[in-house]
Amino acid sequence: METKRILIVEDNPIKLESILSSISSFNIKTDVVITPADAISQLKQISYDFFILDMSLPSYEEEKNSIGSLSGKQILQTMKHKRISVPTVIITQWDVFGHHDDTVPLDNLKEELLEKFSKNLLDIIFWEKSDESWKEDLKSYLKRAFND
């Protein structure tokens, strides 16, 4: 079986470790980056078979506490603009995005993004450390993407 290549953009080490352990049974080479800029750079340089994206990422590696709450959306917009086509799943631990009076519930955001980025985006999966049902969703998308 051919080795597949996956890009993961994730800044939370606990979430990253749980993602990596849940996909360890697949024959894959995994690249991991933290910032949106690094994600776009990798996507331009390497042809990936699958992309796992966090919705809320720091703008720069030094600014891990400065979260851009919709930076995942910006990455999807850049992919669309640059015509980068990769099956993509967002895995997020937040059920609301934004600040103060300008918030968007995950369900509303999911509907908007799935419509706007239908060429790449397969789903937005809610990650919860204590609930492992997200793992089965992720695995099923990987199997479909890899025709496994």
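Glycine is treated like the rest: Cβ placed from N, Cα and C.
Here is what TrEMBL says about this protein:
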{"type": "DOMAIN", "residues": "5-148", "note": "domain 'Response regulatory'"}
{"type": "MOD_RES", "residues": "D54", "note": "4-aspartylphosphate"}
Averaged pLDDT score, the domain 'Response regulatory' (5-148) | 84
Measure the Cβ-based neighbour count of D54 (4-aspartylphosphate), defined as the other Cβ atoms within 10 Å of its Cβ.
-> 26
Helix, strand or coil at D54 (4-aspartylphosphate) [DSSP, three-state] = coil
